[in-house]
Amino acid sequence: MNVSVVGTGYVGLVSAVCLAEKGHQVICVDVDEAKVDQINQGISPIYEDGLDSLLEKNVGVRVLATTDLRRAVLDSDLSLIAVGTPFDGNEIDLKYVRIVSEQVGLILKEKSSYHVVVMKSTVVPGTTEEVMVPILEKASGKLVGRDFGVGMNPEFLREGEAIQDFLYPDRIVLGGVDKRSVDALAALYEGFPGVDLIRTNTKTAEMIKYSSNSLLATLISFSNEIGNLCAKVGVDVVDAMHGVHLDRRLSPILATGERVYPSSLTYLAAGCGFGGSCFPKDVKALIAYGKQVGSPMELLQAVIDINSAQPQRMLDLVKEQYPNLDGVKVAVLGMAFKPGTDDIRESPSLPVTDILVSEGALVSAFDPIARHEAEGRFGSAVRFSDDLEGAIEGADAILVMTRWKQFERLPELVAGMAKAPLVVDGRRMLAKDSVPRYRGIGLAPDASLSVIDR
Ligand SMILES: NC(=O)c1ccc[n+]([C@@H]2O[C@H](COP(=O)([O-])OP(=O)(O)OC[C@H]3O[C@@H](n4cnc5c(N)ncnc54)[C@H](O)[C@@H]3O)[C@@H](O)[C@H]2O)c1
Ligand SMILES: O=c1ccn([C@@H]2O[C@H](COP(=O)(O)OP(=O)(O)O[C@H]3O[C@H](CO)[C@@H](O)[C@H](O)[C@H]3O)[C@@H](O)[C@H]2O)c(=O)[nH]1
């Protein structure tokens, strides 16, 4: 199938490259000329494991990038709209969706063959049919369902694992205004045998996406609330959640006898909070939507409140030992909101670093991938280091903010330091007896050692 993908950010570019890998001819469209040029040279504008090689393989063969939306729509049968839908504090900001819908509508006016426009961006229930469709119909002078199709195909990929998630999804949701639109989407995903396909209407597709992210965010805030209680009563939250997680309803056992998620606490890992461009934005957007339609989302408000307080807990752990941060040397490890990405949007490291700087701490930082982005955010207020050793040199306290694998060798480095620093583990990724002065989220100072064999 000939496909155009409008918006070549995390979702657009990954979708484009993976669909090309499945044999489709894909034209990527973006307003950002620099991105378009990079893509055409086979260089990914974002850091995402495996993306560069897939792009290099497909560019010029099955992937082409352009700023020319008209050409892209005329030369394709289906367009995926993957532009940003930021939350503006009151509701999701649909300005990019509106602009693209109008532009695509005008192009459809001159297109004689049947075309399907698919919302890939995350939008609150009702948006595709109540916002996108009227704009498309007005601009094209045509009728949805008769002259063109409309679909809603939410994306569930995680940054850092985006390629794997796209190529091997848990399910694919095919929302459409009519059977013909859903059939066109089904044809797009023909190359994903064995994956559950959910054929539904656009509003349900939109609701599935928000419900999914809201549940995952709820699990994390739940674990954090339990973690905060654990820290008060002398229990280690890692042990508590490990015991919870072994419930086969949370980590199913395969026919082979193996656990689906044998070692990681999937969305039950307490820590310094969830960040990223999705959970905070999407949960807040659903709360705002609930309020708008008269159905208050009280549980989700608590999810956000717990998450917003979590970064401060890292600072509280530092302040137990350094009540006055003025002149205290603090190393912040990890700026990305999670490992495997250069994305620092809504990363808990941002408020933590802001407060450290404002209280006079001497802050150094290291992130294996997101240094450039973080330097742009903090400028000279933070000393960024090229490596882990440089960041922790002479530190009084070290804050582990992102679960980067590179930080696993911290105990070895700390052992070589003249004065043992306080290590505050915001991801509970280090063994608590691996450094002399260890503190962690969800762990009381006197927490007994675990009796669980893990
Ligand atoms: N990032 C994720 O992991 C993820 C996962 C699932 C869903 N989503 C959702 O997907 C959508 C896109 O997210 P993202 O992270 O890829 O966004 P992004 O900001 O990385 O990318 C959006 C792209 O759209 C381009 N754009 C804006 N206006 C345009 C226009 N008129 N024509 C062409 N291009 C235009 C921008 O230049 C940018 O490259 C959002 O709704 C988001 O909530 C994101
Ligand atoms: O047990 C956990 C799991 C995650 N996190 C944090 O939660 C955030 C989000 O992590 P993750 O879900 O891995 O990354 P995202 O790329 O934000 O992906 C989420 O948001 C995307 C955008 O909507 C969806 O497509 C994905 O399905 C959904 O997992 C990160 O800050 C993690 O550190 C925790 O604190 N504890």
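Glycine residues also receive a Cβ, built from the backbone N, Cα and C atoms like all the rest.
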Q: Pick the one from K95, K209, K405 that TrEMBL also lists for the substrate site with F156, L157, R158, E159, Y267, L268, A269, A270, G271, G275, K338.
A: K209
Q. Out of T122, T128, T200, which does TrEMBL tie to the same NAD(+) site as D30, K35, T85, E159, K281, R345?
A. T122
Q. How far is it from R345 (NAD(+) binding site) to C278 (active site, nucleophile), counting Cα to Cα, in Å?
A. 9
Q. Just counting, how many other CB atoms are there within 10 A of the CB of D30 (NAD(+) binding site)?
A. 23
Q.
Can you go through the recorded positions D30, T122, L268, C278 and pick out those with a C-beta less than 6 angstroms from ligand 1?
A. D30, T122, C278
Q. Where the criterion is a Cβ under 6 Å from an atom of ligand 2, which of the recorded positions K35, K209, C278, R345 meet it?
A. C278
Q. Looking only at the domain 'UDP-glucose/GDP-mannose dehydrogenase C-terminal' (331-432), what are its DSSP counts of helix, strand and coil residues?
A. 37 helix, 19 strand, 46 coil
**Q.** Top Cα neighbour of K35 (NAD(+) binding site) in the set of binding-site residues F156, R158, L268, A270, G275
**A.** R158
Q: Would you pick out, from the binding-site residues K35, R158, K209, K281, R345, the residue whose Cβ has the largest number of other Cβ atoms within 10 Å?
A: K209
Q) Distance between K209 (substrate binding site) and T122 (NAD(+) binding site) at the Cα atoms, whole Å? A) 7
